[in-house]
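Novice: Copying in the features that Swiss-Prot gives for the protein in this structure:
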ACT_SITE  HIS110  active site, proton acceptor
BINDING   HIS272  heme b binding site
SIGNAL    1-21  signal peptide
SITE      ARG106  site 'Transition state stabilizer'
Amino acid sequence: MRNFRRFTIALLVLFLGPIGAADTKETPGMDRQNTSNQFWWPERLDLAPLRQHGSESNPLGRQFHYAKEFKELDIQTLKEEIKTVMKTSQDWWPADYGHYGPFFIRMAWHSAGTYRISDGRGGAGGGQQRFEPLNSWPDNANLDKARRLLWPIKKKYGKKISWADLMVLTGNVALESMGFKTYGFAGGRTDDWEADLVYWGPEKKFLEDQRYKGNRELKNPLAAVQMGLIYVNPEGPNGNPDPLAAAKDIRETFGRMAMNDEETVALIAGGHTFGKAHGKSDPSKHVGKEPAAAGLEEQGFGWKNNYKKGNAEDTITSGLEGAWTANPTKWTTQYLNNLFGFEWVQTKSPAGAIQWVPKDGAGANMVPDAHDKSLRHAPIMFTTDLALKFDPSYKVIAKRFQENPKEFELAFAKAWFKLTHRDMGPLTRYIGKDLPKEPLIWQDPVPAVNHKLVGPKEIESLKGKILKSGLSVPQLVRTAWASAASFRSTDMRGGANGARIRLSPQKNWPVNDPDELSKVLKKLEQIQEEFNKSGNKISLADLIVLAGNAAIEEAAKKAGVKVTVPFTPGRTDATIEQTDEYSFSVLEPKADAFRNYYGPGNLMSPTEMLVDRANMLSLSIPEMTVLLGGMRSLDANAGKSKHGILTTKPGVLSNDFFVNLLDMSTKWQKSEQTEGLYEGLDRKTGSKRWTATSVDLIFGSHSELRAVAEVYASDDAKEKFVKDFVSAWNKVMMLDRFDVK
């Protein structure tokens with residue numbers, strides 16, 4: 001019936017005639033558009049993050065293997081073709097100085113620069129710059145043209161290189177074509193096919209900044225200073241031309257994007273060695289709508305400029321105008337020489353933006369015009385550039401770079417590599433022949449496997465020893481979960497490999513029950529040490545996961561279901577020298593609904609944090625549901641809390657959580673003593689049966705989650721529940737095993 005209805009609608013469209021005429025008027029059907037449930041009930045828990053990026057949206061199909069395609073690519077030939085594009089100016093968007101290199105550097109930088117360490121979101125992976133909102137952010141103005149310039153390359157190579165990889169590679173090639181030696185390039189970034197659901201800030205208009213509280217304290221997880229900017233306002237905080245105030249914004253923003261002071265100075269000084277800013281006239285008078293709001297006839301282009309030619313020397317982008325150096329398409333130290341060699345005074349660009357030029361007209365004929373060889377200009381600086389001169393810490397670094405060009409070159413090369421690869425995860429995800437020879441600490445390296453892996457008989461023997469160790473099922477499950485569930489699919493960090501749960505800072509996180517964790521790890525280390533005395537060896541990272549698996553098999557057995565939890569050895573144990581404590585501190589789960597933990601200082605509600613954590617773990621709605629219910633039955637709450645343990649048989653892998661949650665003989669009410677806690681009362685006697693939190697009750701309250709919970713609460717679901725739990729559990733344990741995927 002549904003297909004027949006679609007066919008009828010299609011026929012009606014055919015007989016009603018061409019739709020072009022209607023498109024020239026007001027958009028038809030606006031009053032008939034569906035209004036989402038979120039509109040009617042804005043407080044309703046939004047499950048959309050768990051439904052994004054499904055395989056159904058990928059036109060390349062479920063079986064497409066990007067890594068295999070990329071490995072067949074002739075990367076050197078591709079790079080030469082990119083260089084040809086770079087030096088072939090197009091009439092529809094002429095190249096500054098006859099070279100698109102600086103333009104492509106900005107494209108690559110802005111593709112990667114959205115990354116933020118707090119939640120790992122943003123970054124170059126997925127090629128999200130192609131989609132809204134990033135495609136239409138003010139800070140990305142005219143980058144639609146940069147990608148369109150690359151379309152002939154993408155068209156030729158098709159599925160062999162993703163847009164995500166192509167944008168970063170093009171940035172590298174741009175640097176190399178202008179005389180700079182890059183630190184390397186890794187492919188492996190797959191393309192997304194829809195816009196990512198990311199919280200970019202509370203603002204409702206571009207360039208607003210309601211993201212601050214108190215004394216300009218930027219709220220987590222945000223990093224940029226204003227809605228629609230990648231980093232900071234180049235004119236200074238909210239347009240205030242104060243270099244020292246700008247330095248504070250720079251340090252905060254770049255720090256939240258994983259860069260220290262030295263990397264920050266290197267990136268700004270290195271990046272502004274190339275190219276120019278564009279602001280030949282007032283954008284409010286001459287620049288049209290961004291791509292998302294432009295007309296169909298623009299075919300994805302935005303920011304149409306009606307000032308004179310509309311491009312070339314009349315281009316309007318940021319509103320700032322000019323170049324920093326006399327050789328904007330060559331790698332030099334001129335940026336630093338100019339920064340410290342001139343005294344800078346405030347002026348305004350032709351568009352009215354605040355910028356800086358040398359005092360008393362110095363350097364007036366230093367910089368060639370980007371399009372008219374008969375014209376010369378003075379160099380310019382942004383307020384944010386002068387921050388490198390006036391901030392004490394930045395100044396020391398910038399002067400050192402000026403005096404030591406080779407050190408500056410290496411620092412920029414490494415910072416650029418970090419910027420463009422920060423969200424790629426471990427080295428096992430890197431593809432290509434141009435990789436750095438030595439691992440970098442921000443890549444969270446782990447040792448290579450240097451021992452023979454355990455086989456089936458040894459695995460069974462180890463499981464027996466674990467179950468006889470005196471450690472309980474909940475203890476083993478909690479420890480394995482704590483080790484693996486630190487993983488973030490957003491930037492592929494964390495996970496069980498490396499056994500960093502035994503190292504600082506992870507061993508001290510409150511959610512991990514440090515006292516209990518220490519005892520469990522000590523016992524497992526004893527088992528490991530004894531086993532490793534002869535024959536094959538096992539890492540602690542592997543043993544932690546195996547211990548959790550053994551506990552689940554035992555718990556399922558007690559429930560009357562025989563099951564074998566998959567186990568793939570090959571993890572190794574990282575050292576403290578391979579672990580950046582500060583870098584790992586951002587992985588700390590401030591809330592973990594699967595362990596019924598909700599720490600202080602969270603900006604989202606417990607149920608929102610449930611969805612966020614499930615999204616980080618790449619879980620579907622059914623996987624999230626069965627995992628939480630199973631963890632409750634296994635008595636795996638943090639701190640041994642009994643909230644949500646809706647079973648009289650804790651430690652048994654049963655579907656009791658769902659059965660008792662949906663039991664109509666229980667009436668739920670808010671606790672009068674504890675905020676956020678609920679009590680389940682016997683409807684007849686009023687006696688208290690259970691206590692639970694919002695992340696427990698949401699599976700009975702939310703209509704879509706209840707529908708899934710009903711499946712697992714059914715009488716015929718006992719075996720399905722166990723098998724689905726095991727499948728989801730194994731998925732979490734294997735999230736960081738890119739070496740076997």
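The backbone N, Cα and C atoms fix where each Cβ goes, glycine too.
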Novice: Would you kindly give the Cα-Cα distance separating the residue listed as 'heme b binding site' and ARG106 (site 'Transition state stabilizer'), rounded to the nearest Å?
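Specialist: Answer for this pair: 10 Å between alpha carbons.
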Novice: Identify which of the recorded positions ARG106, HIS110, HIS272 has its Cβ surrounded by the largest number of other Cβ atoms within 10 Å, counting every protein chain shown.
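Specialist: Max Cβ neighbours within 10 Å, all protein chains included: HIS272.
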Novice: Would you identify the secondary structure of HIS110 (active site, proton acceptor) according to DSSP, in three states?
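Specialist: Reduced to three states, the DSSP call for HIS110 (active site, proton acceptor) is helix.
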Novice: Helix, strand or coil: which one is HIS272 (heme b binding site) in, per DSSP?
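Specialist: Assignment for HIS272 (heme b binding site) reads coil.
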